[in-house]
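Reviewing the structure listed below.
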Amino acid sequence: MGGRSSCEDPGCPRGEGRVPRMGCVKSRFLREGSKASKIEPNANQKGPVYVPDPTSPKKLGPNSINSLPPGVVEGSEDTIVVALYDYEAIHREDLSFQKGDQMVVLEESGEWWKARSLATKKEGYIPSNYVARVNSLETEEWFFKGISRKDAERHLLAPGNMLGSFMIRDSETTKGSYSLSVRDFDPQHGDTVKHYKIRTLDSGGFYISPRSTFSSLQELVVHYKKGKDGLCQKLSVPCVSPKPQKPWEKDAWEIPRESLQMEKKLGAGQFGEVWMATYNKHTKVAVKTMKPGSMSVEAFLAEANLMKTLQHDKLVKLHAVVSQEPIFIVTEFMAKGSLLDFLKSEEGSKQPLPKLIDFSAQISEGMAFIEQRNYIHRDLRAANILVSASLVCKIADFGLARIIEDNEYTAREGAKFPIKWTAPEAINFGSFTIKSDVWSFGILLMEIVTYGRIPYPGMSNPEVIRALEHGYRMPRPDNCPEELYSIMIRCWKNRPEERPTFEYIQSVLDDFYTATESQYQQQP
């Protein structure tokens with residue numbers, strides 16, 4: 001819960017996501033039971049018929065004994081939450097609230113919880129990521145739950161923060177412990193972030209340095225706001241935390257076409273178009289329209305149910321589908337479009353190398369998640385990465401590559417087959433695995449470091465295939481560090497099993513500039 005770090009854009013009404021072509025596949029997925037079943041419409045109810053979201057837990061009735069966790073009594077401190085942000089109701093059953101309002105949780109299920117306002121006694125659904133339990137750390141502006149060290153750095157270095165901006169977060173390595181992250185400046189590296197382990201006393205207190213101990217984290221913050229006492233900076237203000245994206249509407253999975261108002265065509269791909277649209281007059285989304293006949297509706301629905309379960313900060317969120325032809329795929333809206341277009345734009349072409357490495361690290365984090373879940377992307381390239389207004393990169397188009405029914409795309413001779421991104425064993429034998437994704441990631445790194453240049457410039461597809469068979473690999477561009485190029489070369493090993501894992505690639509890219517020094521400051 002809490003987790004105020006999930007959205008990256010202050011101006012984003014409900015997420016951002018512009019989708020090109022899709023592509024993540026569970027290697028061995030048993031399709032039984034994967035089709036959503038339609039719900040009988042209520043005869044008196046005006047409005048769309050919704051099909052349950054395949055990822056949401058079974059609904060509990062408002063009076064269900066299991067609505068709350070075991071041992072939790074309604075109205076006890078455990079069930080009272082406080083609003084971290086204002087929320088204006090947009091669905092019929094929602095409850096509006098102001099930052100600071102307190103509510104009793106009646107039912108916890110999925111991303112929308114049923115609650116009653118203590119002030120107005122009104123009941124309705126609330127977005128669970130907008131509230132925190134009273135007296136919990138999450139009510140503190142400076143506490144960021146479940147955020148990684150790398151994302152803490154991204155947040156603190158973002159515009160709107162200053163010297164001494166800080167956050168306390170859960171430790172990634174030690175369960176139940178915390179870390180303090182502080183924005184600093186040093187002449188050699190410029191703006192930077194320093195991390196301090198917060199250690200725990202046997203008596204339950206906290207300290208960074210044994211000479212200054214505190215009974216609570218709140219006390220620790222007050223102390224280091226007065227003076228730096230050995231830290232790199234005196235703590236100034238909590239890290240800026242924009243409102244998170246509101247969760248997608250409850251149970252709106254297969255939606256009626258009429259609920260989408262198409263507004264602006266963002267692009268056209270091989271299999272359809274991408275539009276900016278508004279869902280039910282209140283939520284900005286991206287809609288990918290698929291040309292009729294490009295895939296079977298049954299195969300698509302089975303794959304979409306699967307893609308919906310892949311939820312990660314660095315993957316574009318799949319919100320809903322229109323399941324009759326022409327198929328519509330509804331995702332979060334991403335303000336800056338594809339990474340390929342962004343890198344070629346005026347803003348993108350000015351991004352310094354450390355930012356390019358950060359883009360690469362974000363993509364490898366998303367791919368490490370896909371790897372961990374035993375999925376495959378099959379079409380990893382800069383055109384299928386989307387960029388948010390605050391330059392967060394998210395992977396799109398996972399899942400669709402496998403179900404496209406177009407020989408131009410599926411056969412290696414086809415005009416649409418992405419030869420230059422595809423591993424030799426996938427070209428020659430149709431063998432797509434996470435290791436062929438690793439090969440594609442090496443090509444994607446080259447796209448990033450050359451600001452969107454087409455791989456193997458000047459070479460035709462047949463020439464590329466022949467060159468690869470003779471051991472040719474793209475040379476290192478002048479602006480590309482040796483360490484980055486060596487990752488590419490490892491991604492392009494002939495034998496798939498010799499290519500690194502995405503988990504390993506992420507660990508190298510996350511610490512690309514700091515691998516030689518300790519991530520955490522020594523005790524002050």
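Here, residue 1 is simply the first one shown, and the rest follow in order.
Backbone N, Cα and C define each Cβ position, glycine as well.
Annotated in Swiss-Prot:
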ACT_SITE  ASP379  active site, proton acceptor
BINDING   LEU266, GLY267, ALA268, GLY269, GLN270, PHE271, GLY272, GLU273, VAL274, LYS288  ATP binding site
DOMAIN    76-136  domain 'SH3'
DOMAIN    142-239  domain 'SH2'
DOMAIN    260-513  domain 'Protein kinase'
LIPID     GLY2  N-myristoyl glycine
MOD_RES   TYR50  phosphotyrosine
MOD_RES   THR200  phosphothreonine
MOD_RES   TYR207  phosphotyrosine
MOD_RES   TYR409  phosphotyrosine
MOD_RES   SER460  phosphoserine
MOD_RES   TYR520  phosphotyrosine
REGION    1-20  region 'Disordered'
REGION    35-71  region 'Disordered'
Which of the three DSSP-derived classes (helix, strand, coil) applies to the residue listed as 'active site, proton acceptor'?
coil
Which three-state DSSP class does ALA268 (ATP binding site) fall into?
strand
By Cα-Cα distance, the member of recorded positions THR200, TYR207, ASP379, SER460 nearest VAL274 (ATP binding site):
ASP379
So, by DSSP, how many helix, strand and coil residues make up the domain 'SH2' (142-239)?
18 helix, 32 strand, 48 coil
DSSP three-state assignment (helix, strand or coil) for VAL274 (ATP binding site):
strand
Among the binding-site residues LEU266, ALA268, VAL274, which residue has its Cβ surrounded by the fewest other Cβ atoms within 10 Å?
ALA268
Contact yes or no, the domain 'SH2' (142-239) and the domain 'SH3' (76-136), 3+ Cβ pairs under 8 Å, gap 6+:
no
Report the DSSP secondary-structure composition of the domain 'SH3' (76-136) as helix, strand and coil residue counts.
6 helix, 27 strand, 28 coil
Recorded positions clustered about LEU266 (ATP binding site) [Cα within 10 Å; pool: THR200, TYR207, ASP379, SER460]:
none
Please determine which of the recorded positions listed here (THR200, TYR207, GLY272) has the lowest count of neighbouring CB atoms within 10 Å.
THR200
Provide the number of Cβ atoms within 10 Å of the Cβ of SER460 (phosphoserine), excluding the reference atom itself.
11
I'd like the number of other C-beta atoms within 10 A of the C-beta of ASP379 (active site, proton acceptor), please.
27
Where SER460 (phosphoserine) falls in three-state DSSP terms:
coil
Closest to the residue listed as 'phosphothreonine': which of the recorded positions ALA268, GLY272, ASP379, going by Cα position?
ASP379
